């Protein structure tokens, strides 16, 4: 190794380190430093990194950009603060307000329409048709906006993309039977009477039908009430459960796998059936030839099925297919098969219904509107063609946003305020049903309150959150997280509540079971659970006990004392220790220190 050259060029790295970290008395000030300068930001900074080209922006961003260009400033006004008490019926309407809103709904129900496709002929060009559709769609949106603004009526968020309505128009035009799939727990909310009128406007011979999905959640008596109601409305109805059919198909598939050695016998049976079908087909051909010789009878009216009255029976998959095959006897759009259009809200089970009928997954299932971009045609059988329309949220009247959350129209994971929805749930589901379902004890009303009132959202969520272990960082039950679980149980049918038809009182239509568990008093619960259930609440008895209780004053001593015959009690006071004649050093750890948070844990109780 050569000798180190001391007179060579200086080391660049060492010079940089000295310049950066050197502790010299005098430091050279370069001309390009920021010393004694001020950044005024009085010009446009073209060299900033967040400069980006804007070619497309949302309506809100466009509004803010226009206001910024106009020199408009926005300031938050922190006046008129409203205190929301979670121990009241927050976000719900009173009985008088509900009656007034129902009257408004009945008065303006005829104005609740869906957009119509403008009339067109073969001479109409594509540009003229698109222009007419856009104008009609804008007029429809303007009418609904004026209805909401003038009458202060709350409506469900409806589809605002014209392309989705174009898909509905095409489905209606090519369908012989238009089936509206509704939720059995609230069929009238998901039924669009104006869609039925539009179907008849397109072609009077077309037929409307309602398929009540999730009907396994209803009893036979409840289905009978709805069948009678739709009979009075003059519309055919069928009751079906896609989830029940899917479970049966899975069970049958498992049974087939279990009986795998019998596959050969099944194949022989299939061959025998094929041979018998061939002989039956030959006989049918002979009968058909004889039938053609009989003169046809003319009848202007459409023939009706022998069983025109709606049946409350829950149909199976094969029964529903046979029902769809025989329900329509008018002129068909395509002579070879009957076309059945499937229309429905998202989250009512439209895709699940189609998949259960096809016995394989043909349509993607999603609770989000817009999953299906274009209508699809699927052959259910050689003479039945299903036409699946994209999921459409049609305009409908509701009382509050809590209604939309409980009916699955608004996503629960995106809700901002859980209190109104949980309050509405507590009004619909009795206290003892909630306690039996979740195995919890909900706090009883305080003195002076109505003992029969439904629980508030805070009372239910505190008990549920503590029971499930959903706690916040400060040791209190997490109410927002508990609310999402409880609301999803309601939407999924685990907490069952079904709305009655207008002709039947709600109290007679839906009844709840009696209490299944024994009544547990709050005094039997652990102290920590009692305090968690009574956050910011105290009874007069608790106030009296706290005010008149003995509160001895004493000094808090930390660590060991220098008096061998004196020891610390649990409350921090000094008491007599062991016998003076005994050996004080026995069974005593000299350096023992008790944690203060354990000694004074009663001060941290919430």
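Every residue, even glycine, has its Cβ placed from backbone N, Cα and C.
Values in this document were obtained by computation on a predicted structure and should not be read as measured data.
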Seminar exercise, completed: Record (Swiss-Prot) lists phosphoserine for one of 94, 276, 457, 540, namely 276
Exercise. Pick from 232, 259, 279: which one does Swiss-Prot list as phosphoserine?
Worked result: 279
Exercise. Swiss-Prot lists region 'Disordered' for one of the ranges 541-573, 574-606; which is that range?
Worked result: 574-606
Seminar exercise, completed: Cα of residue 276 (phosphoserine) to Cα of residue 388 (GTP binding site), in Å and rounded, measures 35
For this session: Please tell me which one of the binding-site residues listed here (344, 350, 388) sits closest to residue 279 (phosphoserine), measuring Cα to Cα?
Result: 388
For this session: Could you tell me which three-state DSSP class residue 279 (phosphoserine) falls into?
Result: helix
Seminar exercise, completed: Across every protein chain in view, the count of C-beta atoms other than its own within 10 A of the C-beta of residue 390 (GTP binding site) is 24
For this session: Could you find out if DSSP has residue 213 (GTP binding site) as helix, strand or coil?
Result: strand
Problem set entry | Reduced DSSP assignment, residue 390 (GTP binding site) | coil
Exercise. Tell me, what is the mean pLDDT of the domain 'CP-type G' (165-395)?
Worked result: 79
Problem set entry | Cβ neighbour count (within 10 Å, all chains shown) around residue 276 (phosphoserine) | 10
For this session: Specify the count of other C-beta atoms within 10 Å of the C-beta of residue 279 (phosphoserine).
Result: 9
